[in-house]
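Swiss-Prot annotations:
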type	residues	note
ACT_SITE	Glu107	active site, proton acceptor
DOMAIN	113-346	domain 'Radical SAM core'
BINDING	Cys127, Cys131, Cys134	[4Fe-4S] cluster binding site
BINDING	Gly177, Glu178, Ser209, Ser232, Leu233, His234, Asn308	S-adenosyl-L-methionine binding site
ACT_SITE	Cys351	active site, S-methylcysteine intermediate
Amino acid sequence: MITAEKKKKNKFLPNFDKQSIYSLRFDEMQNWLVEQGQQKFRAKQIFEWLYQKRVDSIDEMTNLSKDLRQLLKDNFTVTTLTTVVKQESKDGTIKFLFELQDGYTIETVLMRHDYGNSVCVTTQVGCRIGCTFCASTLGGLKRNLEAGEIVSQVLTVQKALDATEERVSQIVIMGIGEPFENYDEMMGFLRIVNDDNSLNIGARHITVSTSGIIPRIYDFADEDIQINFAVSLHAAKDEVRSRLMPINRAYNVEKLIEAIQYYQEKTNRRVTFEYGLFGGVNDQLEHARELAHLIKGLNCHVNLIPVNHVPERNYVKTAKNDIFKFEKELKRLGINATIRREQGSDIDAACGQLRAKERQVETR
């Protein structure tokens, strides 16, 4: 639930008259109902309407009294996202351009795998981290999303899947924005979708990725939640990483590894390192050796990502043969590594390509 204190703390949150009903955890809904003089068990009914029947309005909750429905409408909105554009890739990946209630736009991606359907969600409108290879950061940060707006992305995709009786089985928090810069709303989202009373998506089927906001890595390590954790690394040396990711000037590689060691001591969980390969920048065998030396001894996996084309950026994709050589060298040095399957690059839905492109074109 978004309180006045939360808004004061998070200056990039929207200032809507009513908050999204999807921003409430089940226990928060129970507590709110009791505070309003209502019966606690109504929370179960409300969540069934929201997450199982997936209604679009409070008026559709017909087993609630008219007075309770009015009370809910007076205090909350059922956040609905307007689908501006829906594009499907030749590999089955679907990208949604959603419009929020204040007119801003975000992108969300549905990826189909043999093991199920995965949704890549966005946590911010824009991004201020400034990675020099990424489209998401080109327009800067506009605002943070409420937890309910992140939940709504998953629900809207799930509604699209209902027609074919499919379900969202995995969530990756790797869309537009830096999740750890919207930490409280991200954690609220995680606890909501993981709850048995809502979408009931298992913690080990959810992955959150960060560019390396070190104070929040320590916070995340202290959370009692078994979410998968990934770190965008992209280089083992500060000089190269700072060129790719200016955030490294504030949180350098040495401090980042220390934070990851703390995370593993607290959680005993594996970390995934995301390593984008940029032609002539970080893709040589010497870079593989530097990476192996840096992370040796950590319980980790390296996800090698061929760079995706962004018109405003000058990076080029590493040759396929060099990608295989890089992977082979890591494995020779005892590092668990795989090459990420490319999905959605033909519709600008792949890693580093997400932004509100269509809406920007329309409003010029």
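Using the three backbone atoms N, Cα and C, a Cβ is placed for every residue, glycine included.
Since this is a predicted model, take the numbers as computed values, not measurements.
For Cys131 ([4Fe-4S] cluster binding site), the number of other Cβ atoms no farther than 10 Å from its own Cβ, over all displayed protein chains, is 21. When the recorded positions Glu107, Cys127, Cys131, Cys134 are ranked by how far their Cα is from the Cα of Gly177 (S-adenosyl-L-methionine binding site), Cys127 comes first. Of all the binding-site residues given, namely Cys134, Leu233, the one with the smallest number of surrounding CB atoms inside 10 A is Cys134.
By the criterion of other Cβ atoms within 10 Å of the residue's own Cβ, the least surrounded of the binding-site residues Ser232, Asn308 is Asn308. Around Glu178 (S-adenosyl-L-methionine binding site), the C-beta neighbours below 8 angstroms that are at least 6 residues distant in the chain are Thr123, Gln124, Cys127, Arg128, Ile129, Thr210, Ser211, Ile213. In the three-state DSSP scheme, Leu233 (S-adenosyl-L-methionine binding site) falls into the coil class. Taken residue by residue with DSSP, Ser209 (S-adenosyl-L-methionine binding site) is part of a strand.
Packing around the residue listed as 'active site, proton acceptor' is summarised by its Cβ count: 28 other Cβ atoms lie within 10 angstroms of its Cβ, all protein chains included. For the domain 'Radical SAM core' (113-346), the mean pLDDT of the prediction comes to 94. Among the recorded positions listed here, namely Glu107, Ser232, His234, Asn308, Asn308 has its C-alpha nearest to that of Cys134 ([4Fe-4S] cluster binding site).
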